[in-house]
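Visitor: Not my notes, these are from TrEMBL:
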type	residues	note
DOMAIN	11-89	domain 'DED'
DOMAIN	106-181	domain 'DED'
DOMAIN	277-401	domain 'Caspase family p20'
DOMAIN	426-513	domain 'Caspase family p10'
Amino acid sequence: SSNMEDDVSLKFRQQLLLIDENLVAEDVAALKFLCTDLLPFKKLERVKSALDIFQLLMAEEYLNEEDTFLLAELLYRIKCHSLLKKLGYTKEKVQECLHEKGRVSLYRQMLYELSENITNEMLKDIIFLLQNWLPKRRITLSALELLILLERQGLLTENNVQMLEGVCMRVSPDLLETINCYKRAKVSLPQQENTLPVKESSLSHTGGIRVFTSPQCIIDIVLILNPKHSPLPATNTKINSIPAETRTVRFAVSGEVFSFFLSFLQKLTSYKMDGPHRGFCLVINNVNFNGSLQERKGSCKDAGELERVFTWLGLDVRTYENLTSCQIKNVMETWQRLEDHKDRDCFICCILSHGESGAIYGKDEELVSIRMIMSHFTAKQCPQLAEKPKLFFIQACQGKEIQRPVYVEADARIPDLSSMQQSVSPSESIPEEADFLLGMATIDGYVSFRHIEQGAWYIQALCSKLQLLVPRGEDILSILTEVNEDVGRRVDRWGTKKQMPQPAYTLRRKFIFPIPKDPPPS
(Lines of atoms letter the chains of each structure in order from A; the text may use other names.)
(Lines give C-alpha, C1' and ligand atoms only; values in the text may rest on other atoms or scores of the structure.)
Protein backbone atom coordinates (compact mmCIF):
# COMPACT_ATOMS: atom_id res chain seq x y z
CA SER A 1 0.00 0.00 0.00
CA SER A 2 2.83 2.36 0.90
CA ASN A 3 4.57 1.54 -2.40
CA MET A 4 1.35 2.20 -4.29
CA GLU A 5 0.96 5.60 -2.60
CA ASP A 6 4.57 6.42 -3.48
CA ASP A 7 3.88 5.49 -7.12
CA VAL A 8 0.79 7.75 -7.23
CA SER A 9 2.73 10.59 -5.63
CA LEU A 10 5.63 10.16 -8.05
CA LYS A 11 3.31 10.10 -11.06
CA PHE A 12 1.56 13.24 -9.78
CA ARG A 13 4.85 15.11 -9.38
CA GLN A 14 5.93 14.01 -12.84
CA GLN A 15 2.69 15.49 -14.21
CA LEU A 16 3.46 18.78 -12.46
CA LEU A 17 6.99 18.76 -13.86
CA LEU A 18 5.66 18.23 -17.40
CA ILE A 19 3.21 21.11 -16.98
CA ASP A 20 5.98 23.35 -15.63
CA GLU A 21 8.16 22.58 -18.66
CA ASN A 22 5.37 23.74 -20.99
CA LEU A 23 4.75 27.10 -19.30
CA VAL A 24 6.60 30.28 -20.26
CA ALA A 25 7.40 33.30 -18.06
CA GLU A 26 4.15 35.11 -18.98
CA ASP A 27 2.14 32.01 -17.94
CA VAL A 28 3.93 31.89 -14.56
CA ALA A 29 3.19 35.61 -14.01
CA ALA A 30 -0.50 34.99 -14.83
CA LEU A 31 -0.68 32.02 -12.43
CA LYS A 32 0.91 34.11 -9.65
CA PHE A 33 -1.66 36.85 -10.20
CA LEU A 34 -4.64 34.46 -10.20
CA CYS A 35 -3.37 32.91 -6.93
CA THR A 36 -3.04 36.28 -5.16
CA ASP A 37 -6.20 35.75 -3.07
CA LEU A 38 -5.23 32.17 -2.22
CA LEU A 39 -1.55 32.29 -1.22
CA PRO A 40 0.49 34.55 1.12
CA PHE A 41 1.89 37.48 -0.85
CA LYS A 42 5.37 37.24 0.69
CA LYS A 43 5.67 33.66 -0.53
CA LEU A 44 4.29 34.50 -3.98
CA GLU A 45 6.91 37.25 -4.31
CA ARG A 46 9.68 34.65 -4.16
CA VAL A 47 8.15 32.48 -6.89
CA LYS A 48 10.43 31.93 -9.89
CA SER A 49 8.69 29.05 -11.67
CA ALA A 50 5.37 27.27 -11.98
CA LEU A 51 6.79 24.48 -9.78
CA ASP A 52 7.20 27.02 -6.95
CA ILE A 53 3.49 27.88 -7.26
CA PHE A 54 2.52 24.19 -7.29
CA GLN A 55 4.61 23.67 -4.13
CA LEU A 56 2.83 26.56 -2.37
CA LEU A 57 -0.59 25.28 -3.42
CA MET A 58 0.27 21.84 -2.05
CA ALA A 59 1.54 23.35 1.23
CA GLU A 60 -1.77 25.22 1.63
CA GLU A 61 -3.67 22.00 0.75
CA TYR A 62 -5.23 23.47 -2.38
CA LEU A 63 -3.54 20.84 -4.55
CA ASN A 64 -2.80 17.14 -4.11
CA GLU A 65 -2.84 13.94 -6.17
CA GLU A 66 -6.53 13.33 -5.33
CA ASP A 67 -7.69 16.87 -6.12
CA THR A 68 -6.07 18.73 -9.03
CA PHE A 69 -9.07 20.88 -9.94
CA LEU A 70 -7.63 24.24 -8.81
CA LEU A 71 -4.62 23.73 -11.07
CA ALA A 72 -6.97 22.73 -13.91
CA GLU A 73 -8.98 25.92 -13.31
CA LEU A 74 -5.82 28.06 -13.38
CA LEU A 75 -4.59 26.48 -16.63
CA TYR A 76 -8.07 26.96 -18.10
CA ARG A 77 -8.16 30.63 -17.13
CA ILE A 78 -4.75 31.35 -18.71
CA LYS A 79 -5.96 29.46 -21.80
CA CYS A 80 -3.40 26.63 -21.62
CA HIS A 81 -6.09 24.15 -22.62
CA SER A 82 -3.68 21.62 -24.14
CA LEU A 83 -2.09 21.02 -20.71
CA LEU A 84 -5.40 20.02 -19.10
CA LYS A 85 -5.13 16.47 -20.42
CA LYS A 86 -2.00 15.95 -18.29
CA LEU A 87 -4.33 16.25 -15.28
CA GLY A 88 -7.03 14.09 -16.84
CA TYR A 89 -9.27 17.05 -17.67
CA THR A 90 -10.66 18.53 -20.85
CA LYS A 91 -11.69 22.14 -21.40
CA GLU A 92 -15.35 21.06 -21.37
CA LYS A 93 -14.95 19.09 -18.10
CA VAL A 94 -13.39 22.12 -16.36
CA GLN A 95 -16.23 24.33 -17.61
CA GLU A 96 -18.78 21.88 -16.20
CA CYS A 97 -17.16 21.86 -12.74
CA LEU A 98 -16.35 25.57 -12.38
CA HIS A 99 -19.69 26.59 -10.87
CA GLU A 100 -19.20 24.06 -8.06
CA LYS A 101 -15.43 24.08 -7.56
CA GLY A 102 -14.15 27.39 -8.99
CA ARG A 103 -11.91 29.35 -6.60
CA VAL A 104 -10.68 32.34 -8.62
CA SER A 105 -12.84 35.31 -7.61
CA LEU A 106 -14.88 37.34 -10.08
CA TYR A 107 -12.83 40.40 -9.08
CA ARG A 108 -9.55 38.60 -9.84
CA GLN A 109 -10.95 37.35 -13.17
CA MET A 110 -11.96 40.89 -14.10
CA LEU A 111 -8.49 42.31 -13.31
CA TYR A 112 -6.79 39.53 -15.26
CA GLU A 113 -9.07 40.09 -18.26
CA LEU A 114 -8.35 43.81 -18.03
CA SER A 115 -4.58 43.17 -18.06
CA GLU A 116 -4.98 41.03 -21.19
CA ASN A 117 -6.57 43.99 -22.98
CA ILE A 118 -4.03 46.62 -21.89
CA THR A 119 -1.59 47.19 -24.78
CA ASN A 120 2.00 48.37 -24.25
CA GLU A 121 1.02 51.88 -25.35
CA MET A 122 -1.89 51.97 -22.89
CA LEU A 123 0.40 50.69 -20.12
CA LYS A 124 2.91 53.50 -20.71
CA ASP A 125 0.09 56.06 -20.48
CA ILE A 126 -1.33 54.51 -17.29
CA ILE A 127 2.12 54.46 -15.62
CA PHE A 128 2.61 58.12 -16.60
CA LEU A 129 -0.74 59.09 -15.04
CA LEU A 130 0.03 57.16 -11.84
CA GLN A 131 3.69 58.20 -11.43
CA ASN A 132 2.98 60.00 -8.10
CA TRP A 133 1.77 56.71 -6.60
CA LEU A 134 4.51 54.48 -8.01
CA PRO A 135 8.04 53.88 -6.67
CA LYS A 136 10.43 56.73 -7.49
CA ARG A 137 13.07 54.35 -8.83
CA ARG A 138 12.60 53.58 -12.50
CA ILE A 139 11.25 50.04 -12.90
CA THR A 140 9.63 48.26 -15.81
CA LEU A 141 6.16 47.06 -14.90
CA SER A 142 3.84 44.64 -16.65
CA ALA A 143 0.08 45.27 -16.47
CA LEU A 144 -0.28 42.51 -13.85
CA GLU A 145 2.59 43.91 -11.74
CA LEU A 146 1.01 47.38 -11.89
CA LEU A 147 -2.34 46.03 -10.65
CA ILE A 148 -0.61 44.16 -7.79
CA LEU A 149 1.29 47.34 -6.83
CA LEU A 150 -1.96 49.31 -6.69
CA GLU A 151 -3.53 46.58 -4.55
CA ARG A 152 -0.58 46.54 -2.11
CA GLN A 153 -0.86 50.28 -1.62
CA GLY A 154 -4.59 49.97 -0.93
CA LEU A 155 -5.46 51.97 -4.04
CA LEU A 156 -7.32 49.07 -5.62
CA THR A 157 -9.61 46.63 -3.81
CA GLU A 158 -12.61 44.50 -4.60
CA ASN A 159 -14.86 47.30 -3.30
CA ASN A 160 -12.85 50.26 -4.56
CA VAL A 161 -11.85 50.49 -8.23
CA GLN A 162 -12.12 54.29 -8.44
CA MET A 163 -8.48 55.02 -9.23
CA LEU A 164 -8.40 52.29 -11.87
CA GLU A 165 -11.60 53.73 -13.33
CA GLY A 166 -10.06 57.19 -13.50
CA VAL A 167 -6.95 56.18 -15.43
CA CYS A 168 -8.87 53.88 -17.77
CA MET A 169 -11.29 56.71 -18.54
CA ARG A 170 -8.33 58.79 -19.73
CA VAL A 171 -6.49 56.01 -21.56
CA SER A 172 -9.22 53.83 -23.11
CA PRO A 173 -13.00 53.95 -22.59
CA ASP A 174 -13.11 50.30 -23.72
CA LEU A 175 -11.23 49.30 -20.55
CA LEU A 176 -13.53 51.47 -18.45
CA GLU A 177 -16.56 49.58 -19.74
CA THR A 178 -15.24 46.28 -18.36
CA ILE A 179 -14.74 47.86 -14.92
CA ASN A 180 -18.18 49.48 -15.00
CA CYS A 181 -19.82 46.15 -15.82
CA TYR A 182 -18.08 44.61 -12.79
CA LYS A 183 -19.15 47.50 -10.53
CA ARG A 184 -22.74 47.38 -11.65
CA ALA A 185 -22.91 43.60 -11.24
CA LYS A 186 -21.47 43.94 -7.73
CA VAL A 187 -23.94 46.65 -6.74
CA SER A 188 -26.78 44.58 -8.15
CA LEU A 189 -25.70 41.52 -6.17
CA PRO A 190 -24.62 42.93 -2.77
CA GLN A 191 -24.63 39.56 -1.02
CA GLN A 192 -22.28 37.93 -3.51
CA GLU A 193 -19.13 36.47 -2.03
CA ASN A 194 -15.60 37.09 -3.30
CA THR A 195 -15.32 33.67 -4.76
CA LEU A 196 -17.83 32.15 -7.17
CA PRO A 197 -19.85 30.14 -6.62
CA VAL A 198 -21.51 31.17 -3.38
CA LYS A 199 -21.85 28.13 -1.15
CA GLU A 200 -25.37 27.14 -0.09
CA SER A 201 -24.66 27.97 3.57
CA SER A 202 -23.95 31.62 2.71
CA LEU A 203 -27.21 32.19 0.84
CA SER A 204 -29.99 34.09 2.58
CA HIS A 205 -33.51 32.84 1.92
CA THR A 206 -35.12 36.27 1.64
CA GLY A 207 -36.41 36.04 -1.90
CA GLY A 208 -34.71 37.33 -5.04
CA ILE A 209 -32.39 36.04 -7.74
CA ARG A 210 -28.78 34.88 -7.84
CA VAL A 211 -26.77 34.54 -11.02
CA PHE A 212 -23.93 32.01 -11.15
CA THR A 213 -21.61 32.12 -14.12
CA SER A 214 -19.13 29.93 -15.87
CA PRO A 215 -16.61 31.35 -18.37
CA GLN A 216 -18.18 29.84 -21.47
CA CYS A 217 -21.19 32.20 -21.13
CA ILE A 218 -23.53 29.61 -19.61
CA ILE A 219 -25.67 31.36 -17.00
CA ASP A 220 -27.01 29.29 -14.13
CA ILE A 221 -29.87 31.20 -12.49
CA VAL A 222 -30.83 30.14 -9.00
CA LEU A 223 -33.88 31.44 -7.15
CA ILE A 224 -33.51 32.01 -3.42
CA LEU A 225 -37.00 31.36 -2.16
CA ASN A 226 -38.67 32.48 1.04
CA PRO A 227 -40.46 29.45 2.50
CA LYS A 228 -43.19 31.66 3.98
CA HIS A 229 -44.16 33.15 0.62
CA SER A 230 -43.52 30.33 -1.81
CA PRO A 231 -45.07 26.95 -2.51
CA LEU A 232 -41.57 25.72 -3.52
CA PRO A 233 -39.01 24.41 -0.99
CA ALA A 234 -36.49 26.84 0.52
CA THR A 235 -33.48 25.48 -1.33
CA ASN A 236 -31.35 26.47 -4.29
CA THR A 237 -33.69 25.58 -7.13
CA LYS A 238 -32.42 25.43 -10.70
CA ILE A 239 -34.50 27.62 -13.00
CA ASN A 240 -35.22 24.75 -15.39
CA SER A 241 -37.12 22.94 -12.66
CA ILE A 242 -39.42 25.91 -11.93
CA PRO A 243 -42.73 26.29 -13.80
CA ALA A 244 -42.62 28.75 -16.69
CA GLU A 245 -45.14 31.08 -15.03
CA THR A 246 -42.93 31.46 -11.96
CA ARG A 247 -39.85 32.00 -14.12
CA THR A 248 -41.54 34.75 -16.11
CA VAL A 249 -42.48 36.66 -12.97
CA ARG A 250 -39.01 36.33 -11.49
CA PHE A 251 -37.37 37.56 -14.72
CA ALA A 252 -39.71 40.55 -14.82
CA VAL A 253 -38.75 41.46 -11.25
CA SER A 254 -35.01 40.94 -11.68
CA GLY A 255 -34.40 41.53 -15.38
CA GLU A 256 -32.01 44.43 -14.71
CA VAL A 257 -29.74 42.26 -12.57
CA PHE A 258 -29.80 39.59 -15.24
CA SER A 259 -28.87 42.00 -18.05
CA PHE A 260 -26.07 43.59 -16.01
CA PHE A 261 -24.52 40.22 -15.34
CA LEU A 262 -24.98 38.99 -18.88
CA SER A 263 -23.28 42.13 -20.19
CA PHE A 264 -20.39 41.70 -17.76
CA LEU A 265 -19.99 38.01 -18.52
CA GLN A 266 -19.99 38.65 -22.26
CA LYS A 267 -17.16 41.16 -21.78
CA LEU A 268 -15.05 38.59 -19.95
CA THR A 269 -15.51 35.80 -22.48
CA SER A 270 -15.74 37.54 -25.86
CA TYR A 271 -13.28 39.10 -28.28
CA LYS A 272 -13.07 42.88 -28.03
CA MET A 273 -15.37 44.19 -30.76
CA ASP A 274 -15.97 47.79 -29.70
CA GLY A 275 -13.02 49.61 -31.28
CA PRO A 276 -13.34 52.63 -33.59
CA HIS A 277 -13.28 50.38 -36.70
CA ARG A 278 -14.68 46.87 -37.05
CA GLY A 279 -12.18 45.60 -39.64
CA PHE A 280 -11.65 44.74 -43.30
CA CYS A 281 -13.52 42.06 -45.23
CA LEU A 282 -12.07 40.75 -48.50
CA VAL A 283 -14.34 39.05 -51.04
CA ILE A 284 -12.54 37.18 -53.83
CA ASN A 285 -15.06 36.11 -56.46
CA ASN A 286 -13.72 33.91 -59.26
CA VAL A 287 -16.44 33.46 -61.89
CA ASN A 288 -14.59 32.87 -65.18
CA PHE A 289 -11.61 30.58 -65.78
CA ASN A 290 -9.07 30.26 -68.60
CA GLY A 291 -9.39 26.56 -69.37
CA SER A 292 -11.75 23.68 -68.74
CA LEU A 293 -13.38 24.96 -65.53
CA GLN A 294 -16.95 26.11 -66.05
CA GLU A 295 -18.19 29.64 -65.47
CA ARG A 296 -19.55 29.91 -61.88
CA LYS A 297 -23.00 31.29 -62.67
CA GLY A 298 -24.80 32.75 -59.65
CA SER A 299 -21.57 33.62 -57.83
CA CYS A 300 -21.99 37.38 -58.39
CA LYS A 301 -25.22 37.17 -56.38
CA ASP A 302 -23.22 35.58 -53.54
CA ALA A 303 -20.50 38.25 -53.70
CA GLY A 304 -23.10 41.03 -53.66
CA GLU A 305 -24.91 39.47 -50.70
CA LEU A 306 -21.65 39.08 -48.73
CA GLU A 307 -20.76 42.71 -49.42
CA ARG A 308 -24.17 43.94 -48.24
CA VAL A 309 -24.22 41.82 -45.07
CA PHE A 310 -20.65 42.50 -43.93
CA THR A 311 -21.03 46.22 -44.68
CA TRP A 312 -24.15 46.16 -42.49
CA LEU A 313 -22.04 44.49 -39.77
CA GLY A 314 -19.64 47.44 -39.87
CA LEU A 315 -16.82 45.99 -41.99
CA ASP A 316 -14.97 47.78 -44.77
CA VAL A 317 -15.57 45.39 -47.71
CA ARG A 318 -13.22 45.11 -50.70
CA THR A 319 -14.22 42.86 -53.63
CA TYR A 320 -11.84 41.29 -56.17
CA GLU A 321 -12.96 39.40 -59.28
CA ASN A 322 -11.33 36.68 -61.40
CA LEU A 323 -7.87 36.58 -59.79
CA THR A 324 -5.13 34.20 -60.95
CA SER A 325 -3.30 32.09 -58.37
CA CYS A 326 -0.42 34.62 -58.34
CA GLN A 327 -2.82 37.53 -57.93
CA ILE A 328 -4.50 35.81 -54.98
CA LYS A 329 -1.09 35.42 -53.29
CA ASN A 330 -0.21 39.06 -54.06
CA VAL A 331 -3.53 40.29 -52.60
CA MET A 332 -2.85 38.29 -49.40
CA GLU A 333 0.67 39.74 -49.13
CA THR A 334 -0.68 43.29 -49.60
CA TRP A 335 -3.28 42.90 -46.85
CA GLN A 336 -0.80 41.10 -44.61
CA ARG A 337 1.43 44.21 -44.58
CA LEU A 338 -1.39 46.71 -43.98
CA GLU A 339 -0.69 48.87 -40.92
CA ASP A 340 -4.37 49.87 -40.60
CA HIS A 341 -5.20 46.44 -39.09
CA LYS A 342 -3.90 47.69 -35.74
CA ASP A 343 -6.97 49.93 -35.31
CA ARG A 344 -9.40 47.15 -36.32
CA ASP A 345 -11.20 44.53 -34.22
CA CYS A 346 -11.05 41.62 -36.67
CA PHE A 347 -10.31 40.46 -40.23
CA ILE A 348 -12.59 38.50 -42.57
CA CYS A 349 -11.84 36.91 -45.95
CA CYS A 350 -14.42 35.22 -48.22
CA ILE A 351 -13.30 33.23 -51.27
CA LEU A 352 -15.73 32.02 -53.96
CA SER A 353 -14.19 29.73 -56.56
CA HIS A 354 -13.83 26.16 -57.81
CA GLY A 355 -11.69 24.00 -55.53
CA GLU A 356 -10.15 20.70 -54.59
CA SER A 357 -9.18 19.16 -51.23
CA GLY A 358 -7.57 21.90 -49.10
CA ALA A 359 -7.18 24.33 -52.02
CA ILE A 360 -9.00 26.77 -54.33
CA TYR A 361 -8.46 27.53 -58.02
CA GLY A 362 -7.22 30.80 -59.43
CA LYS A 363 -8.55 32.06 -62.76
CA ASP A 364 -5.49 30.43 -64.40
CA GLU A 365 -6.70 27.04 -63.00
CA GLU A 366 -3.68 26.73 -60.70
CA LEU A 367 -4.43 25.61 -57.13
CA VAL A 368 -3.72 27.81 -54.10
CA SER A 369 -3.53 26.11 -50.69
CA ILE A 370 -6.07 27.40 -48.16
CA ARG A 371 -3.49 26.94 -45.41
CA MET A 372 -1.02 29.12 -47.33
CA ILE A 373 -3.69 31.84 -47.73
CA MET A 374 -4.47 31.84 -44.01
CA SER A 375 -0.82 31.68 -42.92
CA HIS A 376 -0.30 35.25 -44.18
CA PHE A 377 -2.26 36.41 -41.13
CA THR A 378 -0.55 34.59 -38.27
CA ALA A 379 0.75 36.72 -35.38
CA LYS A 380 4.29 36.46 -36.75
CA GLN A 381 3.40 37.37 -40.36
CA CYS A 382 0.82 40.03 -39.46
CA PRO A 383 1.48 41.31 -35.92
CA GLN A 384 -1.20 44.01 -36.31
CA LEU A 385 -3.82 41.23 -36.16
CA ALA A 386 -2.21 39.30 -33.27
CA GLU A 387 -4.80 38.09 -30.74
CA LYS A 388 -7.62 39.37 -32.95
CA PRO A 389 -10.14 37.02 -34.60
CA LYS A 390 -9.49 36.14 -38.25
CA LEU A 391 -12.41 34.52 -40.10
CA PHE A 392 -12.18 32.81 -43.50
CA PHE A 393 -15.23 31.56 -45.42
CA ILE A 394 -14.59 29.34 -48.44
CA GLN A 395 -17.25 28.52 -51.05
CA ALA A 396 -15.62 25.83 -53.17
CA CYS A 397 -15.72 22.07 -53.62
CA GLN A 398 -13.34 19.99 -51.52
CA GLY A 399 -13.47 16.82 -53.58
CA LYS A 400 -14.70 15.09 -56.69
CA GLU A 401 -17.70 16.15 -58.69
CA ILE A 402 -20.86 14.07 -58.69
CA GLN A 403 -23.65 13.87 -61.27
CA ARG A 404 -25.65 17.06 -60.99
CA PRO A 405 -28.89 18.48 -62.42
CA VAL A 406 -29.16 21.52 -64.68
CA TYR A 407 -30.13 24.10 -62.07
CA VAL A 408 -27.62 23.05 -59.42
CA GLU A 409 -23.94 23.10 -60.24
CA ALA A 410 -20.99 21.78 -58.24
CA ASP A 411 -17.98 24.02 -57.60
CA ALA A 412 -15.48 21.40 -58.79
CA ARG A 413 -13.39 20.68 -61.89
CA ILE A 414 -15.22 18.77 -64.64
CA PRO A 415 -12.36 16.30 -65.27
CA ASP A 416 -12.35 14.13 -62.15
CA LEU A 417 -8.78 14.70 -60.91
CA SER A 418 -9.50 15.06 -57.20
CA SER A 419 -9.55 11.33 -56.48
CA MET A 420 -5.81 11.33 -57.24
CA GLN A 421 -5.14 14.14 -54.77
CA GLN A 422 -4.28 13.67 -51.15
CA SER A 423 -7.19 14.52 -48.86
CA VAL A 424 -6.78 17.60 -46.64
CA SER A 425 -9.28 18.27 -43.84
CA PRO A 426 -10.26 21.80 -42.73
CA SER A 427 -8.45 21.29 -39.41
CA GLU A 428 -5.24 20.65 -41.39
CA SER A 429 -5.77 23.84 -43.42
CA ILE A 430 -6.01 26.10 -40.39
CA PRO A 431 -2.76 27.57 -38.96
CA GLU A 432 -1.56 26.03 -35.69
CA GLU A 433 -2.19 29.10 -33.56
CA ALA A 434 -5.07 30.82 -31.83
CA ASP A 435 -7.77 33.16 -33.15
CA PHE A 436 -8.58 31.60 -36.55
CA LEU A 437 -11.86 30.32 -37.92
CA LEU A 438 -12.26 28.53 -41.26
CA GLY A 439 -15.81 28.07 -42.51
CA MET A 440 -15.93 25.57 -45.37
CA ALA A 441 -18.93 25.12 -47.66
CA THR A 442 -18.55 21.34 -47.50
CA ILE A 443 -16.68 18.56 -45.70
CA ASP A 444 -13.48 17.25 -47.25
CA GLY A 445 -13.89 15.03 -50.29
CA TYR A 446 -17.30 16.35 -51.32
CA VAL A 447 -18.77 18.93 -53.65
CA SER A 448 -20.63 22.08 -52.67
CA PHE A 449 -23.65 23.28 -54.63
CA ARG A 450 -24.49 26.58 -56.29
CA HIS A 451 -27.79 27.48 -57.93
CA ILE A 452 -27.06 29.27 -61.21
CA GLU A 453 -29.56 32.03 -60.35
CA GLN A 454 -29.98 32.02 -56.57
CA GLY A 455 -26.33 31.52 -55.59
CA ALA A 456 -24.47 28.99 -53.42
CA TRP A 457 -26.40 27.12 -50.73
CA TYR A 458 -23.68 27.82 -48.15
CA ILE A 459 -23.20 31.54 -48.83
CA GLN A 460 -26.94 32.22 -49.01
CA ALA A 461 -27.49 30.35 -45.71
CA LEU A 462 -24.53 32.17 -44.08
CA CYS A 463 -25.83 35.62 -45.08
CA SER A 464 -29.37 34.74 -44.05
CA LYS A 465 -28.36 33.44 -40.60
CA LEU A 466 -26.03 36.39 -39.92
CA GLN A 467 -28.92 38.78 -40.56
CA LEU A 468 -31.28 36.74 -38.38
CA LEU A 469 -29.01 35.87 -35.44
CA VAL A 470 -26.55 38.76 -35.02
CA PRO A 471 -29.39 41.03 -33.78
CA ARG A 472 -30.14 38.34 -31.16
CA GLY A 473 -26.57 38.49 -29.83
CA GLU A 474 -25.56 34.98 -31.03
CA ASP A 475 -21.84 34.16 -31.39
CA ILE A 476 -20.33 33.03 -34.70
CA LEU A 477 -20.10 29.31 -33.80
CA SER A 478 -23.78 29.22 -32.86
CA ILE A 479 -24.57 30.95 -36.15
CA LEU A 480 -22.48 28.44 -38.14
CA THR A 481 -24.31 25.58 -36.39
CA GLU A 482 -27.56 27.06 -37.72
CA VAL A 483 -25.96 27.38 -41.18
CA ASN A 484 -25.06 23.67 -41.01
CA GLU A 485 -28.64 22.78 -40.17
CA ASP A 486 -30.00 24.98 -42.97
CA VAL A 487 -27.65 23.63 -45.67
CA GLY A 488 -27.97 20.06 -44.38
CA ARG A 489 -31.74 20.22 -44.93
CA ARG A 490 -31.43 21.45 -48.52
CA VAL A 491 -31.64 19.07 -51.46
CA ASP A 492 -31.73 19.70 -55.17
CA ARG A 493 -35.12 19.54 -56.92
CA TRP A 494 -34.67 15.79 -57.54
CA GLY A 495 -34.06 15.22 -53.82
CA THR A 496 -30.75 13.42 -54.44
CA LYS A 497 -27.95 15.96 -53.78
CA LYS A 498 -27.03 16.98 -50.25
CA GLN A 499 -24.24 19.04 -48.68
CA MET A 500 -22.85 19.58 -45.16
CA PRO A 501 -20.60 22.57 -44.31
CA GLN A 502 -17.74 22.18 -41.84
CA PRO A 503 -16.10 24.83 -39.63
CA ALA A 504 -12.64 24.45 -38.07
CA TYR A 505 -11.42 26.96 -35.52
CA THR A 506 -8.85 27.91 -32.89
CA LEU A 507 -10.83 30.80 -31.42
CA ARG A 508 -10.05 31.40 -27.72
CA ARG A 509 -13.17 33.41 -26.97
CA LYS A 510 -16.66 33.94 -28.28
CA PHE A 511 -16.83 36.03 -31.45
CA ILE A 512 -19.95 38.22 -31.28
CA PHE A 513 -20.70 40.96 -33.80
CA PRO A 514 -22.03 44.13 -32.16
CA ILE A 515 -25.69 44.56 -33.07
CA PRO A 516 -25.96 47.05 -35.98
CA LYS A 517 -28.18 50.13 -35.55
CA ASP A 518 -29.69 49.70 -39.04
CA PRO A 519 -32.10 46.89 -39.96
CA PRO A 520 -30.68 43.92 -41.94
CA PRO A 521 -30.16 44.63 -45.69
CA SER A 522 -32.57 41.91 -46.85
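Using the three backbone atoms N, Cα and C, a Cβ is placed for every residue, glycine included.
These figures come from a predicted structure and were not determined experimentally.
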Visitor: Summarise the domain 'DED' (106-181) by DSSP state, stating how many residues are helix, strand and coil.
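Guide: Each residue of the domain 'DED' (106-181) counted once, the result is 54 helix, 2 strand, 20 coil.
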Visitor: Where DSSP helix means H, G or I and strand means E or B, what are the helix, strand and coil counts for the domain 'DED' (11-89)?
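Guide: For the domain 'DED' (11-89), the helix, strand and coil counts are 52 helix, 0 strand, 27 coil.
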Visitor: Could you tell me how many residues in the domain 'Caspase family p20' (277-401) are helical, how many are strand and how many are coil under DSSP?
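Guide: For the domain 'Caspase family p20' (277-401), the helix, strand and coil counts are 40 helix, 39 strand, 46 coil.
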Visitor: Compute the average pLDDT of the predicted model within the domain 'Caspase family p10' (426-513).
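Guide: Summing pLDDT over the domain 'Caspase family p10' (426-513) and dividing by its length gives 73.
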